[in-house]
Amino acid sequence: MDLEHGNCWDTDKKGSWKTVLVLAYQSLGVVYGDLSISPLYVYRSTFAEDIQHSETNEEIYGVLSFVFWTLTIVPLFKYVFVVLRADDNGEGGTFALYSLICRHAKVSLLPNRQVADEALSTYLLEHPPEKKKQSKVKLLLEKHSALHTALLILVLVGTCMVIGDGLLTPAISVFSAVSGLELSMTKAHHQYAVVPITCFILVCLFALQHYGTHRVGFFFAPVVLIWLLCISTLGIYNIIQWNPHVYQALSPYYMFKFLEKTRKSGWMSLGGILLCITGSEAMFADLGHFSYTAIQIAFTFLVYPALILAYMGQAAYLSQHHTTTNNIGFYDSVPESVRWPVLIIAILASVVGSQAIISGTFSIINQSQSLGCFPKVKVVHTSDKIHGQIYIPEINWALMILCVAVTIGFRDIKHLGNASGLAVMTVMLVTTCLTSLVIVLCWNKTPLLALSFLIFFGSVELLYFSASLTKFREGAWLPILLALFLMTIMFVWHYATIKKYEYDLHNKVSLEWLLALGPSLGIARVPGIGLVFTDLTSGIPANFSRFVTNLPAFHRILVFVCIKSVPVPFVPPAERYLVGRVGPAAHRSYRCIVRYGYRDNHQDVDSFESELVKKLADFISYDWYRKQRGNSSSEDDASCSNESTSERRLAVIGTVAFAGASAYEETMQPASGSVGFQTVDSITDVIEMEPLGEKKRVRFAIDDDFEGDSQAETEALLQEELEDLVAAQQSGTAFILGHSHVRAKQGSSLLKRLAINYGYNFLRRNCRGADVALKVPPVSLLEVGMVYVV
């Protein structure tokens with residue numbers, strides 16, 4: 001499969017039906033693996049305990065009617081026709097909805113937000129307000145900070161349940177597929193064979209994750225396609241062979257008749273019926289790999305009909321066979337002559353479906369840590385071509401251990417189905433709530449329309465959710481327990497991260513303090529580049545002042561680096577770096593803000609140091625040429641040493657060609673590169689104002705020839721600064737990072753002291769450090785101890 005990011009969104013290909021059909025075919029293996037294997041366990045889980053299959057067939061017809069309308073309302077109407085349109089620059093999922101809402105309303109809890117972030121091409125609002133009057137819903141959300149926290153908690157609940165689904169789906173899928181062996185062996189042998197075989201397949205599945213799904217991706221789509229054709233063919237055979245009139249059960253009349261007869265037990269059995277829509281969320285979560293049209297075509301014209309035929313075929317068989325009331329399963333309706341081939345295809349399809357949800361779990365954890373909601377873990381990008389293919393070793397092995405433990409502990413489909421059902425419905429409820437906010441805030445529709453969407457789809461999902469909660473003691477406790485555990489970790493990490501940022505913000509040092517450092521105070525400037533990492537986008541961090549206090553020296557080239565996440569899926573490489581000066585040019589101090597989206601690869605350059613030096617050289621060249629041209633206001637030229645301007649003027653340094661002086665190109669050859677600015681739009685000088693102020697953008701047109709008496713002097717100063725930069729790089733680079741210990745302040749509650757003093761510090765000590773994530777050589781690392789009292 002070719003899921004390379006950008007290919008499926010090429011404007012030249014987007015209208016090609018051939019491309020759309022190819023993408024629709026590819027989506028089968030990635031998107032629909034989980035949804036397509038649901039016929040393996042829906043009927044068996046539904047008839048496990050609460051209801052019985054009687055001679056009147058009212059139960060089986062009622063269940064078939066529920067399955068048909070559930071598949072029609074939730075995946076088809078809700079996801080295909082509504083939710084898939086709520087994409088974030090082509091990306092889908094819980095965090096895509098959250099980032100959309102955060103961009104259209106000021107509800108984000110992410111620290112170090114800047115006005116300049118709103119100028120990103122992926123940040124621009126696709127649906128600008130049609131009228132000046134703001135929505136009352138938006139005003140209400142922005143006014144109350146408690147609603148900001150509630151919205152984040154809602155997103156985290158959905159995230160935790162997706163992770164829980166990643167634990168439960170492989171177990172129930174593989175277990176259901178392997179359970180077909182029970183028809184070929186005695187009950188005694190079956191009891192001791194299915195669980196070990198299931199565990200063996202699961203261990204193999206997780207052990208192969210480090211290779212990446214792209215290596216076997218070409219195998220996924222054919223397997224799911226063959227499986228869909230297999231179950232639809234079996235469905236047609238069973239309908240013709242056993243009950244050609246089973247289509248009548250699709251009428252909603254049989255749903256009401258079913259509930260009228262079974263009453264409370266029928267309502268409780270809905271916890272098994274809802275399993276028919278497991279995997280529907282994958283249509284939205286994997287939207288970034290495909291187009292909306294491709295996913296819509298694949299589901300509407302292949303997946304949906306195949307699933308309906310499969311369920312109808314099973315119902316037709318069961319309507320004429322009442323001797324298997326205690327053992328209703330998918331393989332009962334499979335003719336004995338083809339049972340073994342179907343078993344093999346089912347096992348392969350269950351592995352494909354499990355692979356999709358495991359990959360989705362890796363992706364959502366990566367997004368969570370990008371937005372500061374999960375401890376830092378190792379993320380391995382398994383493919384240079386296919387975007388989004390990642391592998392997280394710690395999460396993979398944890399999922400494997402838990403998945404095997406759940407399989408051994410539950411040992412039956414009923415308990416696994418109850419646990420999986422609750423996780424699935426929780427995710428869908430979260431998606432419904434967030435989509436209703438998108439309708440109002442992003443699409444600028446009336447609150448009445450959003451409320452209608454919420455009530456219609458939310459009531460259906462609440463019905464199933466309530467039925468799942470009744471199964472708390474029969475397996476539904478597992479996703480709730482897992483969600484509470486993960487929520488605690490994520491919320492403690494996010495809370496402490498915000499408090500650390502607030503501490504840094506309140507204890508930052510003024511620019512005058514930095515400019516005053518010199519030989520008169522016993523401070524020396526040593527050769528080399530010093531990269532001071534901080535979360536602040538302005539001001540001098542407290543860890544640097546602590547560093548200078550204990551070691552009265554700092555490097556000739558000083559760069560304050562802030563690596564931050566913005567609420568967009570991707571930041572184009574040409575817009576990633578914001579570079580500016582800290583103080584006058586002679587001080588050789590700079591600020592560099594590196595911006596990433598929540599789905600960006602943070603290791604997209606071979607050497608962060610070389611890339612950063614290259615961007616600094618581009619900025620230096622641009623800055624001196626800008627001053628030479630004199631196109632900026634006299635106030636800006638006169639305030640080069642003024643904190644209010646120098647501290648906040650940041651230039652977007654991109655990857656564009658430069659037609660500048662030959663001296664610049666010669667000087668920068670050792671530092672890998674000469675780039676610059678051909679057009680007016682190549683560079684933007686962003687003046688960062690106070691948070692309540694406005695952003696002013698000034699553009700400069702740069703010519704090849706320079707006029708004026710100061711040309712030679714300017715080129716000499718440019719040459720000198722570039723030579724200093726190259727010389728400093730050759731002398732070596734030091735990475736100055738804070739080594740923090742967070743402590744709750746005196747008088748804090750017992751819960752806060754436990755969360756901060758023990759919980760957060762334990763997570764910090766055992767998670768991936770910033771030096772490892774940045775691939776900092778140990779000989780170049782300088783750690784500054786900091787105690788945060790929050």
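A Cβ is built for glycine as well, from the same backbone N, Cα and C atoms used for every other residue.
If you look up TrEMBL, you'll see 20-40 (among others) marked as transmembrane segment.
Annotated domain 'K+ potassium transporter integral membrane' per TrEMBL: 23-515, in sequence order.
Residues annotated as transmembrane segment in TrEMBL: 60-81 (among others).
When Cβ-Cβ distances below 8 Å are used as the criterion, the transmembrane segment (146-172) is approached by residues 34, 41, 94-95, 98, 101, 107-109, 140, 198, 202, 205, 278-279, 281, 285, 353-354, 357-358, 360-361, 364-365, 368, 373, 399, 402-403, 406-407, 410, 413, 416-417, 419-420, 423-424, 426-427, 430-431, 433-434, 478-479, 482-483, 486-487, 490-491, 494 of the same chain, each at least six residues removed from its ends. The transmembrane segment feature in TrEMBL is assigned to 146-172 (among others).
Counting only same-chain residues 6+ beyond the ends of the transmembrane segment (192-211), those with a CB under 8 A from a CB of the stretch are 170-171, 174-175, 178-179, 181-182, 185, 347, 351, 354-355, 358, 380, 382, 391, 393, 396-397, 399-400, 403-404, 407-408, 411. The feature transmembrane segment is assigned by TrEMBL to 192-211 (among others).
Positions annotated as transmembrane segment by TrEMBL: 218-240 (among others).
Taken from TrEMBL, the feature transmembrane segment covers 265-285 (among others).
The transmembrane segment feature in TrEMBL is assigned to 338-358 (among others).
If you look up TrEMBL, you'll see 395-413 (among others) marked as transmembrane segment.
Look at TrEMBL and you will find 419-441 (among others) tagged as transmembrane segment.
Per TrEMBL, the feature transmembrane segment maps to 448-469 (among others). Nonlocal intrachain contacts for the transmembrane segment (448-469), taken as residues 6+ away from its ends with a CB within less than 8 angstroms of a stretch CB, comprise 70, 73-74, 77-78, 82, 137, 267-271, 273-274, 418, 421-422, 425-426, 428-429, 432-433, 435-437, 439-440, 476.
Under the heading transmembrane segment, TrEMBL lists 475-493 (among others).
For 513-533 (among others), the entry in TrEMBL reads transmembrane segment.
Feature annotation from TrEMBL assigns domain 'K+ potassium transporter C-terminal' to 527-788.
Cβ atoms under 8 Å from those of the transmembrane segment (395-413) belong to residues 41, 44-45, 48, 166-168, 170-172, 175-176, 179, 195, 198-199, 202-203, 206-207, 209-210, 358, 361-362, 365, 377, 419, 475, 478 of the same chain, restricted to positions at least 6 beyond its ends. Averaged across the domain 'K+ potassium transporter C-terminal' (527-788), pLDDT for the predicted model comes to 73. Listed by sequence, the residues of this chain that lie at least six past the ends of the transmembrane segment (419-441) yet keep a Cβ under 8 A from its Cβ atoms are 74, 78, 82-83, 86, 94, 97-98, 100-101, 104-105, 135, 137-138, 141, 154-155, 157-158, 161-162, 164-165, 168-169, 172, 271-272, 274-275, 277-278, 280-281, 284, 406, 410, 447, 449-451, 453-454, 457-458, 461-462, 464-465, 468-469, 471, 475-480, 483.
Same-chain neighbours of the transmembrane segment (218-240): 1, 25-30, 32-33, 36-37, 39, 246-247, 302-303, 305-314, 316-317, 333-335, 342, 345-346, 348-349, 352, 355, counting only residues six or more beyond its ends whose CB sits under 8 Å from a CB of the stretch. When Cβ distances are compared across the two stretches, the transmembrane segment (20-40) makes no contact with the transmembrane segment (513-533), since fewer than 3 pairs at least 6 residues apart fall below 8 angstroms.
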